[in-house]
Amino acid sequence: MLSDTPPERDIEWSDVGVEGAWREIAKFVPRTGSWWRRIPRFYVPSPIGQDKFSSDDETCCRMSIADLGETVEGNIRQGCHGKTGLEFFTAYGIAGVQKVIELGVPVFLDLKLHDIPNTVVRAIHSVRGLNIAMLTIHVSGGRDMMRAAADALSETNILLAGVTILTSIGGDDFTDFGVQGSLESHVIRLVDLAVSAGLRAVVCSAHEIGAIRSRHPDVTLVVPGIRFDSGVDDQKRTKTPIDALSDGANYLVVGRPITQSPDPLAAIDEILRSIKMY
C-alpha cells in the first residue's frame, strides 16, 4: 500500500551543519520583469488546504538553521525557493526535505527521476504528499514515463519539470553519445517530446532558451548553470542572470555562486540586486 504521508523520523540540523545546509539548499530565484509583479504564481498543496504562495509584495520570512548551538538566520524574500537535490535526498531523505519545508522555504525537489514508468510513479507517490513546489524528471525517460509522472501529480499543484540535457555536458561530450545533429537540436526535440507528453516546464541551459521560446512560447523554462563570471567549474553551458532573463528564462537555479561564497546571504542579495536592474 502506497502512502502520501512521509515517514515519521526526526533529523537534527546539527547532523547537516550550516555549511552543509547552505550547500544543499541552493537558492532558486524566479524570473522578474518589472520586479515582483512578473514572478509566476505558485500554488502549493498544504495539509490544511490550497495555500497561495503569492509574490506581489516583497516580503520576508526568517530561516533558522541550528548548528552546534549556533543559529544562522537569513531573510529569504518571498519568491525564492530552496533546491534540495540528489545529494541532500540520499543523505537525509524525506525527513530532511520536510525539515527544509518547515523552515518556510518553498522547495524545488530536484531528483531528476529516470526509470521505467511504474518505478517513477511509485517514487512520486512517496513525495507528492510533501509541501513541495516543483519536482524534476528526465525527459529521456520517454513519453510513457513522463505521462505517467504527470498523471501521478495531476491532483496536486506540484510543477513537474522535464530535464533535457545536463548543463555539465558540452558539444564535445555530446558527440560521444553518437547522436546525430547538434546539442541544441537535440534539446529542442526533447522539449517537443516533453510538451507532447503533457509537461508544462522543462529544465534547459540558457544557451537553448531562444530556440525553445520560438517553438514553445508558453512553456516554463527552469535554467541552471547561472554564473557571474567565466569560471564555469564543471558546468559548461552557463550564462549570467541578466543574460538568461533577457533571453526568456522563467526561473534561475543558482547554486555554487551562493553556496561557495564566503557570505551566502550577501551573494543572494547581489543576485537579487542584479535582477532588479533587469
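For all residues, glycine too, the Cβ spot is worked out from N, Cα and C.
Note that the coordinates shown come from a computational prediction; the quantities given were computed from them, not determined experimentally.
What TrEMBL says about this protein:
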- 62-271: domain 'Orotidine 5'-phosphate decarboxylase' (DOMAIN)
- K83, T167, R227, Q235, G255, R256: substrate binding site (BINDING)
- D110: active site, for OMPdecase activity (ACT_SITE)
- K112: active site, for OMPdecase activity (ACT_SITE)
- D115: active site, for OMPdecase activity (ACT_SITE)
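Projection of TrEMBL feature records onto the structure.
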residue : record                              : contacts (Cβ under 8 Å, 6+ apart)
D110    : active site, for OMPdecase activity : K83, T84, G85, L86, T136, V253
K112    : active site, for OMPdecase activity : L86, T136, I137, H138, V163
D115    : active site, for OMPdecase activity : A123, G141, M145
- Query: For R256 (substrate binding site), what is the tally of other C-beta atoms lying within 10 angstroms of its C-beta?
  - Reply: 16
- Message: Looking at the domain 'Orotidine 5'-phosphate decarboxylase' (62-271) alone, can you tell me the average pLDDT?
- Response: 82
- Message: Highest Cβ count within 10 Å among the binding-site residues K83, R227: which residue is it?
- Response: K83
